[in-house]
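Look at TrEMBL and you will find Lys79 tagged as active site. Here TrEMBL flags Lys79 as 7-chloro-L-tryptophan binding site. Taken from TrEMBL, the feature FAD binding site covers Leu342, Ile355. Among the features that TrEMBL reports, L-tryptophan binding site is placed at Glu351.
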Amino acid sequence: MNPSQVKRVIIVGGGTSGWMCAAAIARASPPNTSITLIESSDIGVIGVGEATIPTLIEFNRFLGINENDLIRECHGTFKLGIEFSDWQALGKSYFHPFGFYGRDTPDFPFHQLWLRLKHMETQGLAPAEAAGEISDFNLCTAAAYQGRFAPAQGGADTILATMRHAYHLDSRLYGKMLRRYAEAKGVTRIEANIVKASCSPEGGFIESVLLESGESVCGDLFIDCSGFKSLLIEDAMQSEFVDWSHYLLCDRAIALPTELSGSPLPYTRATAGDAGWRWRIPLQTRMGNGHVYSSQFTDDDTALRDLQNAIDGTSLAEPLPLRFKPGHRHEFWVKNCVAIGLAGGFIEPLESTSIHLTQVGIQRLIQFWPAHGVNYAETAHYNSEMTEDYERIRDFIVLHYKATDREDTAFWRAVKNMAVPDSLSNRMELFRSSGRVVDIPQDLFRPHSWLAVMLGQKVQPRNYDAFVDRIPVESLLANMQHLKDAVNKTAASLPGHQDYINRCCAAAESSRV
């Protein structure tokens, strides 16, 4: 039955999602709340995603984790964005930065000014290269390609204030760091395999989980962090899976770490292949490599060979194969069971959203904490908001595949011609018609991210906001040149990425390869 109070929290599964959950709940939950995490060393931690996005900074600040300590202990580096190569066309690349482009005016977003100048340039009404590329007006892009880094600082009117960053982390070390944090706050860990969950005959609420030892662990709220196994949300709660395989064709991955060659760059690389794409994620101590691909269009042996042919340096481990199904649970929260992380859903590794969705699930759970029992209005709202988050992120990921000119393989022909959700096609057509970018405040990927990928994938606007023509040409040219010069000057003044790490957050020498 529905517990009248939530005093005993049981987290099933460890890894990054389990220990993120344990740490955050230990930090935020009401007094006299006991938290138990059950995990088994027999079950490996996936740990594919070592790249993060800027929202993780907020989570670590909530916990009180110092950024330099995080980078040092997790052998991390800084991430200013992602370079996409061969996505729009073979031999072409673009950069998706975390920071903003140029500077908005009170009346117009910056990119509308740039679109007007680009139009003038193509019509011979402005000097050649006056507009250049929109990336010329982005500090993250300039710093990334120069191998430089510094966090945002200064007033809102400075170019350095437009910087945004995230991290490349060893996710296993991050999980260990969170475990130490959580256990220091009283979280109990049980090393065990779970056999099944026992539910009350009256209302179907989970009452306990049975361990292989025969012991039963009782609780009031059960959090499923069991990964793709979904031990509680699927087996006990029978929440259906919403399958997105028709939008997201990649369903397998291979991870393969190698020795680091040279200094780590402050960005992730995503290179499109014949039937998917490959990642390169630099840590202080190694290079994370992987191949995400569709089993409809290639086989495992070919995918591994393609990855091995693309990597630099000596392999540090055996290839780790992974299988996944894109989609999410129809209900993330059912009765007194909440699915967090991979147990709740997975889109795919592109754009590093898995840890973010874990974080959002935890933050919303804390927001709607069922201190006095499960409230069905709140669980319905939780499920609705989580579904909307997944759908908006899905659209952004699908954009990378749909908006391509590649037709050189069956995979790229398939994704180019596939049907996509109306929510995505409407966004693309709005941008094509007028250069307008839908701005949804709850959207993880803000307008500058959509702008980077749509322009990078050659989704070209036919027009721009006509009201921008009110700005005198001389003023527009002068301001745009000033911004471009400020970006270049500021980027050149930043310390080297490796120098910044050496000064602030270098990993211990004993941990280096």
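Including glycine, each Cβ sits where the backbone N, Cα and C put it.
TrEMBL entries are annotated by machine, without manual review.
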Item to check | Using Cα positions only, nearest of the binding-site residues to the residue listed as 'active site' (Leu342, Glu351, Ile355) | outcome: Glu351
Checklist entry - Once the chains shown are all counted, how many other Cβ atoms turn up within 10 Å of the Cβ of the residue listed as 'L-tryptophan binding site'? => result 22
Checklist entry - Could you state the CA-to-CA distance between Leu342 (FAD binding site) and Glu351 (L-tryptophan binding site) to the nearest Å? => result 16
Checklist outcome for this item: Taking all protein chains shown into account, the Cβ-based neighbour count within 10 Å for the residue listed as 'active site' is 28
Item to check | C-beta crowding around Leu342 (FAD binding site), within 10 angstroms | outcome: 23
Checklist outcome for this item: The correct three-state DSSP answer for Glu351 (L-tryptophan binding site) is coil
Checklist outcome for this item: Cβ contacts within 10 Å for Ile355 (FAD binding site), all chains included, total 25
